[in-house]
Amino acid sequence: MRMDDTICALSTPQGMGAIAMIRISGSDTFPILEKTFKAFSPRHNPSEAKPYSLVFGKMVDGQTIVDEVMVGIFKGPHSYTGEDVAEISCHGSVYIQEQIIRLLLKNGCRMADPGEYTMRAFTAGKMDLSQAEAVADLIESESKAAHQVAMQQMRGGFSDEIKGLRTELINFASLIELELDFGEEDVEFADRTQLSELLLRIKSVISRLLESFDTGNVIKNGVPVAIVGAPNAGKSTLLNALLNEEKAIVTDVAGTTRDAIEDEISLGGVKFRFIDTAGIRETEDLVESIGIKKTFEKIEQSRIVMYLFNAQSLQDNVELIRNEIAQLQEKTKGKTLLVLANKMDLIEDATLLEKLGDVENLIPISALQKRGLKELETRLTSEINLGALNSNQTIVTNARHFSALQQSLEDILRVEQGMENNISGDFLAMDIREALKHLGSIIGEVETDRDILGNIFGKFCIGK
Ligand code: GDP
């Protein structure tokens with residue numbers, strides 16, 4: 001990726017819309033516009049136009065008018081990328097979009113790589129690495145919670161926390177390194193008691209951040225919930241009732257939901273990923289038994305399992321239901337198992353449920369008549385502790401940050417151990433430097449591997 005050429009890309013979605021936006025960034029932005037854009041008022045020539053202004057004019061290819069457009073003018077360093085930037089808003093026709101991009105390429109632009117605008121912003125020091133990553137999260141955010149966390153990270157909340165820890169550690173590292181300069185003389189510039197206190201504090205901050213990843217992961221990727229139950233218990237109907245749309249296939253033939261269908265729904269500001277499974281009923285049918293194996297895999301990957309059974313079967317099949325519940329209790333240790341007695345609309349006497357004895361988290365519902373669903377939703381949302389989110393604490397959502405924090409915690413533990421064992425200052429300094437490196441990698445303050453950068457920005461869409 002060359003950083004000195006001028007790039008262009010469509011920044012609005014592919015396809016036709018009312019308006020499309022093509023963005024140019026780089027030192028040749030205005031010279032290229034000189035050749036391809038004519039302002040309706042000559043005074044508004046882009047090179048001379050005021051920064052943050054909009055210029056009305058036409059895109060021209062020689063004598064041919066391609067479109068009438070509005071161009072937003074941003075002059076470096078006061079732009080997203082830190083370079084000269086122009087945002088051309090044209091009519092949304094795919095043909096026009098293509099013609100304008102072709103025109104820009106012909107006149108010296110190169111197509112931007114995915115995430116290249118944000119990568120340039122990072123390189124120009126407009127944002128640090130974790131903020132750049134938050135831009136991608138913000139674009140992808142689908143729920144209130146995901147939006148809030150990405151926004152906080154983009155605005156630098158997380159970075160500030162990491163920077164604070166680093167500054168304190170850097171001070172200590174320099175004092176210890178100063179001691180080394182005095183070699184033989186037995187001096188101690190870095191107060192060991194203070195260093196211990198600092199390490200304790202850093203450990204507790206890192207541990208809190210590491211713990212937040214559990215919530216962060218849920219916020220970013222959604223809470224996986226497996227729906228398990230015999231064919232015809234009403235799993236698809238329940239899913240549809242929750243989703244309020246017909247995505248899963250609902251039929252009367254037993255065993256039709258063979259493969260797992262996933263759907264997402266936002267409840268209480270959090271995304272839940274419902275996975276409709278084939279149930280766990282024992283069967284001779286090969287296809288179905290593969291489905292059952294998959295069900296167990298899905299249970300494994302879930303955080304919450306909803307076991308759904310037809311309440312009517314309590315009349316003659318209590319043992320079977322009890323059995324399945326017991327089996328699932330066994331398989332869902334450490335997860336939450338909700339037991340849903342469905343089709344309650346067909347049951348005249350609700351005391352029938354007593355046949356099951358004491359079952360934890362038993363919720364009577366009617367998926368068809370949408371009864372008991374509010375209680376179910378409340379139960380689901382109460383499973384997720386958003387305490388950290390509500391108190392505006394930093395939440396780690398990014399696996400790369402999580403792993404860097406884990407490594408820095410190990411480094412800090414090594415420093416602590418080293419102090420206990422009275423190891424020499426140069427070894428202490430080395431471990432502190434390692435911790436600094438790992439913390440710095442989160443915000444990109446240490447030199448970041450090109451592969452890692454490629455990996456981070458490659459996941460962006462083109463045009464961002
Ligand atoms: P699945 O195989 O577990 O996915 O079950 P389906 O959702 O396909 O439902 C099987 C049948 O039971 C369909 O005819 C549904 O309309 C019916 N059904 C599902 N839930 C209820 C309910 O709460 N009450 C009644 N009366 N019928 C239901």
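A Cβ is built for glycine as well, from the same backbone N, Cα and C atoms used for every other residue.
Curation does not apply to TrEMBL; its annotations are automatic.
Among ARG23, ARG192, ARG201, only ARG23 appears in TrEMBL as part of the (6S)-5-formyl-5,6,7,8-tetrahydrofolate site alongside GLU87, LYS126, LYS464. The maximal spread of the (6S)-5-formyl-5,6,7,8-tetrahydrofolate binding site, taken as the longest Cα to Cα distance among ARG23, GLU87, LYS126, LYS464, is 19 Å.
For ARG23 ((6S)-5-formyl-5,6,7,8-tetrahydrofolate binding site), the nearest neighbour among the listed binding-site residues (ASN232, LYS235, SER236, ALA278), judged by C-alpha distance, is SER236. Of all the binding-site residues listed here (ASN232, LYS235, SER236, ALA278), SER236 has the Cα closest to the Cα of GLU87 ((6S)-5-formyl-5,6,7,8-tetrahydrofolate binding site). Ranking the binding-site residues ARG23, LYS126, LYS235 by the number of CB atoms within 10 A of their own CB puts LYS235 at the top. Under the DSSP three-state reduction, GLU87 ((6S)-5-formyl-5,6,7,8-tetrahydrofolate binding site) is assigned to strand.
Its Cβ taken as reference, LYS464 ((6S)-5-formyl-5,6,7,8-tetrahydrofolate binding site) is surrounded by 20 other Cβ atoms within 10 Å in the chains shown. Counting in whole angstrom, SER236 (Mg(2+) binding site) lies 10 from ALA278 (GTP binding site) by their C-alpha atoms.
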